[in-house]
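Asks: Provided herewith is a single structure, encoded as structure tokens, for subsequent inquiry.
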Amino acid sequence: MNRKKLQKLTDTLTKNCKHFNKFEVNCLIKLFYDLVGGVERQGLVVGLDRNAFRNILHVTFGMTDDMIMDRVFRGFDKDNDGCVNVLEWIHGLSLFLRGSLEEKMKYCFEVFDLNGDGFISKEEMFHMLKNSLLKQPSEEDPDEGIKDLVEITLKKMDHDHDGKLSFADYELAVREETLLLEAFGPCLPDPKSQMEFEAQVFKDPNEFNDM
């Protein structure tokens, strides 16, 4: 991508980006095209497919849960075309790295609402907690322990006692205790990974100022 086209894309994306400045957007665009290994050609949209994106989540942000990584991919891939384009990349990372608590609550709830019906059901909690907990070899029936954990979680978070979590239940619980934001699995970067990523990507502002 030539310098003029890069600058135009940077300007366009910066206008619609809440949490990154122009320099940071420019750095993330460059990183995106490095990751996809090419530029946009006539009639062909370049993007990160599910496997490439999951690799970034695993290597860069230390995520290991396949189910959660798939859900994070869907959270970024807003048009559901099977790949994350440059616009989705910038918007997704804006929330992923620097989103407000409100933005992160909406995002995490969507990740945890596996079937998209607007609720986190007991079954969904069970699947996510089963994936995220280490199995103890001494346990005869590890599923029983997970079922108990689901009940404990519901008791703490299900404010209207209907046996499932609505967004209102979840929001209230998280505002009371922010540790519950990622109650069903890590779907945001930890502070160390976030700082390392930003330090690595957002460097050499002089190069940008020369544009």
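Just so you know, glycine gets a Cβ as well, placed from its N, Cα and C.
In case it's useful when we look at the structure, here is the feature table from Swiss-Prot:
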{"type": "BINDING", "residues": "D77, D79, D81, C83, E88", "note": "Ca(2+) 1 binding site"}
{"type": "BINDING", "residues": "D113, N115, D117, E124", "note": "Ca(2+) 2 binding site"}
{"type": "BINDING", "residues": "D158, D160, D162, K164, D169", "note": "Ca(2+) 3 binding site"}
{"type": "DOMAIN", "residues": "64-99", "note": "domain 'EF-hand 1'"}
{"type": "DOMAIN", "residues": "100-135", "note": "domain 'EF-hand 2'"}
{"type": "DOMAIN", "residues": "145-180", "note": "domain 'EF-hand 3'"}
Asks: Show, in sequence order, which residues other than D158, D160, D162, K164, D169 on the same chain lie with their Cβ within 8 Å of the centre of the Cβ atoms of the Ca(2+) 3 site.
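Replies: Surrounding the site, in chain order, are F119, L154, M157, H159, H161, G163, L165, S166.
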Asks: Within 8 Å of the Cβ centroid of the Ca(2+) 2 site residues D113, N115, D117, E124, which other residues of the same chain have their Cβ?
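Replies: In sequence order, the nearby non-listed residues are F112, L114, G116, G118, F119, I120, S121.
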Asks: Whole-number Å distance between the CA of D158 (Ca(2+) 3 binding site) and the CA of D113 (Ca(2+) 2 binding site)?
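Replies: A Cα-Cα distance of 15 Å.
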Asks: For E124 (Ca(2+) 2 binding site), name the DSSP secondary structure in the helix/strand/coil scheme.
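Replies: Looking at the DSSP assignment, E124 (Ca(2+) 2 binding site) belongs to a helix.
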Asks: Could you round the CA separation between D77 (Ca(2+) 1 binding site) and D117 (Ca(2+) 2 binding site) to a whole angstrom and send it over?
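Replies: That separation, Cα to Cα, works out to 18 Å.
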Asks: Using a Cβ cut-off under 8 Å and a sequence separation of 6 or more, which residues in the same chain sit near D79 (Ca(2+) 1 binding site)?
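Replies: In sequence order, N85, E88 meet the Cβ cut-off.
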Asks: Quick one: Cα separation, C83 (Ca(2+) 1 binding site) versus N115 (Ca(2+) 2 binding site), in Å?
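Replies: Cα to Cα, C83 (Ca(2+) 1 binding site) and N115 (Ca(2+) 2 binding site) are separated by 20 Å.
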Asks: Including all protein chains displayed, how many Cβ atoms other than that of D117 (Ca(2+) 2 binding site) lie within 10 Å of its Cβ?
Replies: 10
Asks: Restricting to the chain of D169 (Ca(2+) 3 binding site) and a gap of 6 or more, list residues whose Cβ falls under 8 Å of its Cβ, or answer none.
Replies: M157, D158, H159, D160
Asks: Look up N115 (Ca(2+) 2 binding site) in the DSSP assignment and reduce it to helix, strand or coil.
Replies: coil
Asks: Reported as an integer number of Å, what is the Cα distance between N115 (Ca(2+) 2 binding site) and D162 (Ca(2+) 3 binding site)?
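Replies: Cα to Cα, N115 (Ca(2+) 2 binding site) and D162 (Ca(2+) 3 binding site) are separated by 18 Å.
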Asks: Taking 8 Å from the centroid of the Cβ atoms of D77, D79, D81, C83, E88 as the cut-off, which other residues in that chain fall inside it around the Ca(2+) 1 site?
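Replies: Counting only non-site residues, the set is G47, F76, K78, N80, G82, V84, N85.
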